[in-house]
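What TrEMBL says about this one:
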type	residues	note
BINDING	Gly28, Ala29, Asn30, Gly31, Ser32, Gly33, Lys34, Thr35	ATP binding site
DOMAIN	1-378	domain 'RecF/RecN/SMC N-terminal'
Amino acid sequence: MIERLQISYLRNLTQINLSSAACNVIIGANGSGKTSLLEAIFLLSRGKSFRHHQPKRYIQHHQNTVTVHAKLNDASTLAIQKQADATTVLRLNQTTVYNQSILTEQLPTLLIDPSTMDMLEQGSASRRQLLDWLVFHMKQGFHPQWVAYQRLLKQRNSLLKKTRHLTQVQLAELKSWDKGLSSHAALIHHYRERIFAEWQPYFADSVAELLPSYAEQLSLSYNAGYDTSIALDVQLNERLEQDLQLGYTRIGNHRADIHVHWRSDDSVEMSDKQPETTPEAEIHNKRPVLKEQAANVLSRGEKKLLITALRLSQLPLLLNTTKNAEVSGNSLQPRNTPVVLLDDITAELDDRAIKILLSTLSQLPCQVFMTSLTDDIVPLVLELWSEPNVFHVKQGQVFFDS
Ligand SMILES: Nc1ncnc2c1ncn2[C@@H]1O[C@H](COP(=O)(O)OP(=O)(O)OP(=O)(O)O)[C@@H](O)[C@H]1O
């Protein structure tokens, strides 16, 4: 849990130094700097912003460096310093570390941002990251495999981009990369599949709470990104000509996806009208799998609830795993307390959903930072948490409401 947070030169936050509690409410007008505060915590945990990729966009104008420093309740300290050219320095307990994953592991951060509606409709990356966030924190072996896979994939893609006709030497090199990709792929899929199976009942529970009338209709599916019954290198070999034409690798773990499906009594009829071909069906040349995406059926408000359910359902699962917990007294306590960032939920969710979300969070051993335009949320927070911290943000200055 973050006890003290220091931020220098992040957007309009010049010098911030605050002490935090289990629940922290950040109230401020539009443009005051509330979201930047959440962005700072996310940056420390993940090494990137959830709003912009380029550091020069979030480093304060006329400054070269942004710094975020946190002291956790176990006295450990974490720090990130980023320059406009993306040069990054990371520190754990004042010692420089070279992998962001070390800080990510110390400070698991979950952003519940129901405004990100495109998550259901657009490319697979954000849905895949949703699953990978869980797998990273729950399966120790996952990250090294993922890093090794990405490295080989990058090499393969740059070769495919460079030429459409491989020399014998290049072909031999590519085949050795494919062997490596194949063995990493099998493990990555294995970890993802396991965690996905564990996640499903938690997702069903969250849907039952947040979207009770659709509890029967909504379900998740996981697509590995390739046909997992055949070794990836065999399939890559078969598709080599196509990949050379495309200039990139079309199948593999990097194409994995999570879908939310909608099933109704007339789902066959609905599906027949809008058939969806999954990559696996395409690879096999099988009959297309007919499915209806929940995003095609749900209203805007319901999609927000669904995105909230997807994220919220991850927390109890993470907290229930032994890798992330240790015995303290008679109970299991999380080793690294997850930090939940809630951005402007009062503008995105109705009162019922806010109540469910906050009461669920208040019962979990996690730390919460939430932003709000007004202090209407404070009475509910006071009901649910014993000693929340309330901050007011005005033009980049943070004031503690004692
Ligand atoms: N690189 C930058 N340097 C300085 N100020 C910036 C920079 N980028 C954005 N800002 C300003 O920082 C302020 C804080 O923005 P932020 O998004 O954190 O506000 P917010 O309180 O969350 O607002 P809203 O409720 O509208 O989302 C804005 O006024 C914005 O114009």
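Each Cβ is built from the backbone N, Cα and C atoms, and glycine gets one as well.
Worth saying up front: this structure is predicted, and the values here are computed from it rather than measured.
Overlay of TrEMBL annotations on the structure.
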residue: Gly28; record: ATP binding site; Cβ contacts under 8 Å, 6 or more apart: Lys34, Thr371, Leu373, His392, Val393, Lys394
residue: Ala29; record: ATP binding site; Cβ contacts under 8 Å, 6 or more apart: Leu373, Lys394
residue: Asn30; record: ATP binding site; Cβ contacts under 8 Å, 6 or more apart: Leu373
residue: Gly31; record: ATP binding site; Cβ contacts under 8 Å, 6 or more apart: Asn12
residue: Ser32; record: ATP binding site; Cβ contacts under 8 Å, 6 or more apart: Asn12, Val393, Lys394, Gln395, Gly396
residue: Gly33; record: ATP binding site; Cβ contacts under 8 Å, 6 or more apart: Arg11, Asn12, Leu13, Val393, Gln395, Gly396, Val398
residue: Thr35; record: ATP binding site; Cβ contacts under 8 Å, 6 or more apart: Arg51, Asp343, Asp344, Thr371
Gly28 (ATP binding site): secondary structure state under DSSP, collapsed to three categories: strand
Protein Cβ atoms within 10 Å of Lys34 (ATP binding site), excluding its own: 25
Any further residue of that chain within 8 Å (Cβ to the Cβ centroid of Gly28, Ala29, Asn30, Gly31, Ser32, Gly33, Lys34, Thr35) of the recorded ATP site: Ser36, Thr371, Leu373, Val393
Filtered binding-site residues, from Gly28, Ala29, Asn30, whose Cβ is under 6 Å from an atom of ligand 1: Gly28, Asn30
